[in-house]
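Visitor: Pulled these from Swiss-Prot:
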type     : residues  : note
TOPO_DOM : 1-65      : topological domain 'Extracellular'
CARBOHYD : N23       : N-linked glycosylation site
CARBOHYD : N27       : N-linked glycosylation site
CARBOHYD : N36       : N-linked glycosylation site
CARBOHYD : N42       : N-linked glycosylation site
TRANSMEM : 66-88     : transmembrane segment
TOPO_DOM : 89-98     : topological domain 'Cytoplasmic'
TRANSMEM : 99-120    : transmembrane segment
TOPO_DOM : 121-135   : topological domain 'Extracellular'
DISULFID : C134-C214 : disulfide bond
TRANSMEM : 136-157   : transmembrane segment
TOPO_DOM : 158-176   : topological domain 'Cytoplasmic'
TRANSMEM : 177-199   : transmembrane segment
TOPO_DOM : 200-227   : topological domain 'Extracellular'
TRANSMEM : 228-249   : transmembrane segment
TOPO_DOM : 250-367   : topological domain 'Cytoplasmic'
REGION   : 304-329   : region 'Disordered'
COMPBIAS : 304-324   : compositional bias 'Polar residues'
TRANSMEM : 368-391   : transmembrane segment
TOPO_DOM : 392-399   : topological domain 'Extracellular'
TRANSMEM : 400-422   : transmembrane segment
TOPO_DOM : 423-446   : topological domain 'Cytoplasmic'
Amino acid sequence: MEGAEGQEELDWEALYLRLPLQNCSWNSTGWEPNWNVTVVPNTTWWQASAPFDTPAALVRAAAKAVVLGLLILATVVGNVFVIAAILLERHLRSAANNLILSLAVADLLVACLVMPLGAVYEVVQRWTLGPELCDMWTSGDVLCCTASILHLVAIALDRYWAVTNIDYIHASTAKRVGMMIACVWTVSFFVCIAQLLGWKDPDWNQRVSEDLRCVVSQDVGYQIFATASSFYVPVLIILILYWRIYQTARKRIRRRRGATARGGVGPPPVPAGGALVAGGGSGGIAAAVVAVIGRPLPTISETTTTGFTNVSSNNTSPEKQSCANGLEADPPTTGYGAVAAAYYPSLVRRKPKEAADSKRERKAAKTLAIITGAFVACWLPFFVLAILVPTCDCEVSPVLTSLSLWLGYFNSTLNPVIYTVFSPEFRHAFQRLLCGRRVRRRRAPQ
């Protein structure tokens, strides 16, 4: 009877671990498995070792579950806050912020659909949910993560056009932004559907059913297509666009510095992209770059300096110089003569112009470095391994594989921080969500 009970327990554990019973050996003192045996030829440690065979392993698994659970929670909360802020705060409902809204939705899907199953797989260290769910999970992973990355490309494009084209802000309608969002999700869908339609390596079913490992298709052609579409082409576009944005900011700052040296008074910058102060709005960082470049004086759009005479023209509509994203109108850091002093009397106590402009240039570099650096640092390790493993048939440590995957997921945790922390309007909206409507929105000086 006791042996029958032990055999029943043995059958349950073997069913859970999918181990061939006839090849297992057992201790003579009882029905406890000896996990240090080789089960069958060609099997791996995924089958030959128990998930929590020692107290230390159980503690490690519990710690891992807590850390991953907190990461998932932080990702959900951060993106829900961004979505709620845009939907509930009227002044944040703009065409440009729709890109941030869609990005937050993509990252929220990563947190709700992809990361939980990934956490279970990471803690248990084997896939016991079958090939069908594995196929759905990996395809959903590709869809949501690709959409998240491509949204960053769309935001970079929106920001670049706003910087370089004065008319873009007024042409950036909800319809145009909606088309960008539709393109992002369409491309992401085509990248993920390829695996569901059968673009898999020959060992995919065996890897899931026998090795109990669930990874995306390791077919070389698919990996080249997927990694190029999801990362390598997007990261190249992002780097080029942000480099051009930085060059534009730097050129304007130095142009203003040169004008000051010639005439003694620095004119406000009025480049083709000066309208970025009016609209920007792509998640707050566009507005931060605007602040770096410099806001033009309210109601004054052009100033020409000839010797000691300033001739100002007021031929630009006020909305083009106001900050449509609701940012506070901080006084500029350079003087515009008597008119500027009348608007901002504190200008006479400002730092020397050269130091202020150098600070703006460093801030521009820092802001754009944070955007690109966080994205590249999070996703580059994963995509290097993704293309390296199937092409060279390399053996990569499971720990390294897991770290690179979760570092990529961590980008969905960072996005709501990076793309809103530079915007006072988003920060104030978060305060209103947390503290209620008692927190009043600060208004720019009229």
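Even glycines carry a Cβ here, placed using N, Cα and C.
Are these features on the surface or tucked inside, and what are their neighbours?
Guide: Over the topological domain 'Extracellular' (121-135) the predicted model carries a mean pLDDT of 91.
Under the DSSP three-state reduction, C214 (disulfide bond) is assigned to coil, being neither helix nor strand.
Sequence-distant neighbours of the transmembrane segment (177-199) (same chain, 6+ residues past either end, Cβ-Cβ under 8 Å): 95-96, 98-99, 102, 135, 138-140, 142-144, 146-147, 150-151, 153-154, 157-158, 216-217, 219, 221-222, 225-226, 229-230.
If one looks beyond the topological domain 'Extracellular' (200-227) by at least 6 residues along the same chain, the residues whose Cβ comes under 8 Å of a Cβ in the stretch are 18, 43-44, 46-47, 121, 126-131, 134, 137-138, 141-142, 146, 191, 194, 383, 386-387, 389-391.
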Visitor: Report the DSSP secondary-structure composition of the topological domain 'Extracellular' (392-399) as helix, strand and coil residue counts.
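Guide: Counts, helix then strand then coil: 3 helix, 0 strand, 5 coil.
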Visitor: As a test: from 66-88, 99-120, 400-422, pick the stretch that has the greatest number of Cβ pairs under 8 Å with the transmembrane segment (136-157).
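Guide: Stretch with maximum Cβ contacts: 99-120.
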Visitor: How many of the residues that make up the topological domain 'Extracellular' (121-135) does DSSP mark as helix, as strand and as coil?
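Guide: Tallied per class, the topological domain 'Extracellular' (121-135) gives 10 helix, 0 strand, 5 coil.
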